[in-house]
Structures are given as C-alpha cells and as structure tokens.
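Novice: Sharing the features that Swiss-Prot gives for it:
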DISULFID  38-52  disulfide bond
DISULFID  45-55  disulfide bond
DISULFID  51-62  disulfide bond
SIGNAL    1-13  signal peptide
C-alpha cells in the first residue's frame, strides 16, 4: 500500500511540473504577441502601418 501511494505521489508531482512548464510557455507566448515590432525611420512601409511613427504614403517610408 505504501509503494502504491508513493508511485501516485510521484506521478502527481511530475504532472504538476509539466503543467507549470506549459503555463510558463503560454505566458511567454502572450508576452511576445503583445510586444509590437515597428519599422524605424526610412524603412519601407505599406498598407499596414508598421512604422514606429508615421508612414509617408507618397514615399512609402517611415518618417
């Protein structure tokens, strides 16, 4: 009975560690999705305004 209980505790502990790893991974993924990447001055820009400041439509570059 003691051996069975110990085995169950080990399995539960292992599952708990895996769950914590997945939670940490999901947290990192959310953070990277919230981090916006923008183009700096002089870089080309298009329909999606991906400039840090403003996209000059005539030149199609970031200002």
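Glycine is treated like the rest: Cβ placed from N, Cα and C.
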Novice: Do any residues at least six apart in sequence from residue 55 (disulfide bond), in the same chain, have a Cβ closer than 8 Å to its Cβ, and if so which, in order?
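Specialist: Once residues fewer than 6 apart are set aside, residue 55 (disulfide bond) is near 45, 46, 49, 61, 62, 63.
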Novice: If you count the C-beta atoms lying within 10 Å of each candidate's C-beta, which of the disulfide-bonded residues 38, 45, 62 ends up with the smallest number?
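Specialist: Ranked by other Cβ atoms within 10 Å, the disulfide-bonded residues 38, 45, 62 bottom out at 38.
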Novice: If one measures from the C-alpha of residue 51 (disulfide bond) to the C-alpha of residue 38 (disulfide bond), what distance in angstrom results, rounded to a whole number?
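Specialist: With the alpha carbons as reference points, the distance is 5 Å.
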Novice: Please give me the CB contact count at 10 A for residue 51 (disulfide bond), counting all chains in the structure.
Specialist: 20
